[in-house]
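Comments concern the structure below.
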Amino acid sequence: MPTIQQLVRKGRQDKVEKTKTPALKGSPQRRGVCTRVYTTTPKKPNSALRKVARVRLNSGIEVTAYIPGVGHNLQEHSIVLVRGGRVKDLPGVRYKIVRGALDTQGVRNRKQARSRYGAKKEKG
């Protein structure tokens, strides 16, 4: 434990908070360009083909982002909006693509949780 004199000289050092989404540089979302769209397998015990994309953000950083929902229209050179949010069973995937924004279409025939997937309200 420091003495009072040591505290007068140096003071206490603030703890540095570590961000979970460093590539966003403090922004809620960032725009980026898809450099590669592919599928990958989750870690044990899950089994699937998860849709992900390599995205070069306008901050200059390249990240791996998850494409949520059923089906998508993304390909190389698509402009996407990326938000934070990890995918627990995909190591290294700490970002998600926002559905219904920029070049990304919303999920078709979505009835519940529509705002998360950029789906418009159906008529009738």
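Each Cβ is built from the backbone N, Cα and C atoms, and glycine gets one as well.
On a predicted model such as this, the values are computed, not experimentally measured, just so you know.
As annotated by Swiss-Prot, region 'Disordered' applies to 1-32. Residues or ranges marked as compositional bias 'Basic and acidic residues' by Swiss-Prot: 11-20. Look at Swiss-Prot and you will find Asp89 tagged as 3-methylthioaspartic acid.
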Same-chain Cβ contacts of the region 'Disordered' (1-32) under 8 Å, 6 or more residues past its ends?
55-59, 61, 63, 65, 79-84, 86, 94-95, 98, 102
Just counting, how many other CB atoms are there within 10 A of the CB of Asp89 (3-methylthioaspartic acid)?
15
